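What TrEMBL lists as repeat 'HEAT' is 14-52, 91-129, 168-206, 207-245, 246-282, 285-322, 328-366, 367-405, 406-444, 523-561.
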Amino acid sequence: MASNDKSVDDSLYPIAVLIDELKNEDVQLRLNSIKKLSTIALALGEERTRSELIPFLTETIYDEDEVLLALADQLGNFTSLVGGPDYAMYLIPPLESLATVEETVVRDKAVESLRTVAAEHSAQDLEIHVVPTLQRLVSGDWFTSRTSACGLFSVCYPRVSQPVKAELRANFRKLCQDETPMVRRAAASKLGEFAKVVEIEYLKSDLIPNFVQLAQDDQDSVRLLAVEACVSIAQLLPQEDVEHLVLPTLRQCASDSSWRVRYMVAEKFVDLQKAVGPEITRVDLVPAFQYLLKDAEAEVRAAVATKVKDFCANLDKGNQVQIIMTSILPYVRDLVSDPNPHVKSALASVIMGLSPMLGAYNTVEHLLPLFLIQLKDECPEVRLNIISNLDCVNDVIGIQQLSQSLLPAIVELAEDSKWRVRLAIIEYMPALAGQLGQEFFDQKLRGLCMGWLNDHVYAIREAATLNMKKLVEQFGSQWAEQAIIPMILVMSRNKNYLHRMTCLFCLNMLAEVCGTDITTKLLLPTVLLLASDPVANVRFNVAKSLQKMSPYLESSVIDTQVKPTLEKLNSDVDVDVKHFASEAMAGIAAGK
């Protein structure tokens, strides 16, 4: 009898511990116990999880939001722990309670878990257990339950009978007309998702009237979500239906009184264009695009400016050039001198992409003057975006036509007071050098690249050393020997120890691309010379450099020149120098 009592005690132990931990004052302890729920469920077994654990959790849903969030997350993966899909309905009550709490993230997570659990129900169980839950949420007194209900329609609808489908459509319509804006907003955000599972005739008869109504809502936060639904609905309907069911609402959204709605139209414009096809684009979307390009709000103009290239690329190829030249380019021309720097910068990031579409003649005649204006813009981001996308133009007309205007813009960016702007132009320099050619680079840009090695910001000096390596990859080691190595070696005699260290970093990088001969003849002697530097930081960087260079040196050179220097550094008075010297000796020995 005693042993029987003991086994009962043992079986009660996990749930007793859980109850204790969930009642503990420490939130972190409660949170940890929720995260261990699956372990507790395994210990209890499927039957006791259904009969004891789930009811206990359902009754105790009054806690801190982070605990409830963890619980909602855990329950979504609990189906196998309650006995599989046949018993998934046991998870509905706690999740239903969580779907009505005040905190949005908890409700969203509960709905996500409800959707997962609903998908695991059989069609029969779905109608018996999940649909009534959905209907209770729809008719809940608090807006929280009604907003949660919106997320469940698309999961239930495809697998229920026709009468239940009719009820669900009626319920969704009720939510679209709810008096609370938060509920209408939730309905608008799920409208596109629901539209994908509804039969086409009911999409036209039931959902499109809801869509039109939401797009005319008095709250702009509801109207802008209707724009997202517009894309999904347009993708589902045939062309003629799009024209008379969706386009009137889309036109109205494009000229909405709220800039947020117009901004959403601008953001979704290319998706809409793909959904409606080339003919409707030509007749309806091109005028709407023009309207947005001259919008009163800078945020809208900037959003639509980023879509110029993609919108033009998706135009019908037969009359693409003609539409761009007559309908888009005049508006783009105005944006080049827009008063807002964000708009100009957004346009500069994509305008070069028009060049391949328009061809050489139109690029020279119409786009080139715009590029030249942008290269002289007062805003560094505009100039930088143009320079960063030069390859598009280079492929069409070559870069020579731009080179004289490029130079002042590059020089200004290279000396910009913002170090991040300087960094961006450095990173683009190897590509630019390749496009402009070695002769132009040597005459006009080499001095800039050397100047960056002496910048007062470390990130710039570091990027400049990597830039040198990439330039040597571009122009070859012979060019490096004549054009840049002599100038870098001069830095080893600079009075400022930071410049001497930059010289070392550069030599490390160049050793990787210059080959054994140049490394031994030109780079190594300078590194060895710096081993006697008065500054310890320079000396221990010499040790690091010798280790990095060793793979590019002959073994005889390592034995006669590198090892004696490292041995000397290994008996240095500075502890850091000794440390890095011994590390370098070990590294070279292991490398052999």
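Yeah, the Cβs are placed from backbone N, Cα and C, and that goes for glycine too.
Heads up, TrEMBL stuff is auto-annotated, nobody curated it.
What you see is a predicted model, and the numbers here were worked out from it, not measured in a lab.
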Checklist outcome for this item: When counting C-beta pairs under 8 angstroms to the repeat 'HEAT' (285-322), the leading stretch of 91-129, 207-245, 328-366, 523-561 is 328-366
Next on the checklist: Can you tell me which parts of the same chain pack against the repeat 'HEAT' (168-206), counting only residues 6+ beyond its ends and a CB-CB cutoff under 8 A?
Outcome noted: 131, 134-135, 138, 143, 146-151, 153-154, 156-158, 160, 213-214, 217, 219, 221-222, 225-226, 228-233, 236-237, 241, 245
Checklist outcome for this item: Confidence over the repeat 'HEAT' (523-561), expressed as mean pLDDT on the 0 to 100 scale, is 89
